[in-house]
Amino acid sequence: MNRAIQRTQILTGHLLSSSPSQSSPLSQKPCLNYSPPELTENYEFDLGEMRKLLDGHNLEDRDWLFGLMLQSPLFNPRERGGKVFVLPDYNQSMEQQREMTLKRIQYLAERGVFTGWLTSRGIESELRMLAFIDVLAIFDHSLFLKLVVHFLGWGSAIKFSGTKIHHDKWLRDTENYVIKGCFAMSELGHGSNVRGIETVTTYDPKREEFVISTPCESGQKYWIGGAANHATHTVVFSQLNINGSNQGVHAFIAQIRDAGNLCPNIRIADCGHKIGLNGVDNGRIWFDNVRIPRENLLNSVADVTPDGKYLSAIKDPDQRFAAFLAPLTSGRVTIASCAVYQSKIGLAIAIRYSLTRRAFSVTPNGPEVLLLDYPSHQRRLLPLLAKTYAMSFAANYLKMIYVKRTPESNKTIHVVSCAFKAVLTWHNTRTLQECREACGGQGLKTENRVGHLKAEYDVQSTLEGDNNVLMQQVSKALLAQYIAARKRNKPFQGLGLEHMNRPCPVIPSQLTSSVLRCSQLQTNAFCLRERDLLNRFAAEVSQHQTKGENKENAFLLSYQLAEDLGRAFSDRSIFQTFIEAEETVCDLPLKNVLGLLRSMYVLICMEEDVAFLRYGYLSTNNAAAVRKEVTKLCSELRPHALGLVSSLGIPDAFLSPIAFNWVDANSWSSVKN
């Protein structure tokens, strides 16, 4: 009873006391108004030049396609808070979303967007295609992925695994979207392990036909984009059995629909509703002894004669298998680039919101503080922004080595695309989560994009290869380079490992601010980590082999070092692309802010990767110095925040209402309208 009386007295004092020294009287505060950040934030560098650096290529083409989408009601324009935004209507049913995706593709095809994507040759046409794919991904993941499956799955398989007979018959109609293709590789029982797929194709020399069969339920083709509703044809990856001998995985063309109806001996079921990508009609396919002409084998690597003899200029089965998987590289390239643009969207929205949204005051009766003026909020978003800048340069580098590919560079492209696809999609997943939280409850609204993008893009960590498996491929490739160099007693060459030929770098015992921001120290830190981890990895694998383990088991038992090494290679490679991009800049203000971003990228990598402490590259004192410097860099990047997100190449209409006038966008008048 005494405790209850005491509480009552305290509450009474709060509510009734007129003494200013005890409590301040309640007073009405003016309503919050939206104030554009442009009124108070300054730009200290050229936004246009920064965008050129980030987008890298085909800026005019990108802007043309943005404009083309804004012109059509198919892209669902809506006015919110005095601005027009385009965003798919995710309130539609799965079936409606699929039909809208198809209509958008047809709209784009009629206006020549896809011209030259498959029938033109040369670097310029490929870069234009990659730029357009970036732009389409900014609008909608389903639109992006359905086109990637059609052009870079089905289309690239025909273009690169087929020969002239296939090009003449299929490419033009594919480019014009008369034929709608899909890519039947994954099965219920096999995803990343393509060698193990169970679909079987045999050859009938009497009729000069191949016969494709699904031998068991685990062999059904699964997650095949486009198969459930729209695709007319597919590339089928299957084991090829000739005269009782398995020749490994090969690719075949099969028609699955004719005039909207399923072809004979084809069964298709829908994969159903998903957490995202419901505008893509993923399906499952069973082949019940489906007969196709002998010419439908994609035969740039291997062929079967009319009388049933198997021929291939590539005698090594492993090399032959790698050649058949070449079309996957373009998919990884576009997914990596797409992931960066989604990170840009999330950060542009979250940072613009944090430049206008206030919360709490730090002085009695003082004004509430902008979210981005809180050091903790800066720490959440600005390191991710620096990483996104670094990864933009990495994605541009990946696209450039892809369009300039040669037979000699294919291995490098494979390794780099595996590394960048994994790291960039992981980064995107983390970034969208942080941006969602940084937007509070507004981040949950679908129209504000960030929360919904999380679900849409979650699949990218396993699409076109599970990220963990891809990183193991990176480490395997590095180990092979290491063994070859040591065996031949020759210098390291390729994959950026030339630093292994130089003396081992040393990290100073005391790291000052100026030293931490020095590009040479940053290079040394990344090279030291990669060098040491590669040596440790090779030694551990060798140790397991000495104990009787075979090569594969020895590698699997060393998976932790393999993961650390894959990350080290990726971080160092991304850093190198940043340095190369920075070296092209002469403008001093631009160079200065890039220097801040580069230092932030390196130091946040050093802080977040426990390998720097685990293996002794940093002392505990130096690790503390790194942490302190990251906080300092956050405060130095804060004045540039608006300029940095305004340079990302995302038009306002492709962001969201909370990035701009979120008060008007949520007003009662907006409800009535």
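Going from the start of the chain as shown, residues are counted 1 onward.
Using the three backbone atoms N, Cα and C, a Cβ is placed for every residue, glycine included.
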Looking at the ranges 14-33, 534-553, which is given as region 'Disordered' in TrEMBL? 14-33
For GLU464 (active site, proton acceptor): intrachain residues, at least 6 apart, with Cβ closer than 8 Å: LEU328, GLY331, ARG332, ILE335, LYS421
Can you give me the average pLDDT across the domain 'Acyl-CoA oxidase C-alpha1' (328-479), rounded to a whole number? 96
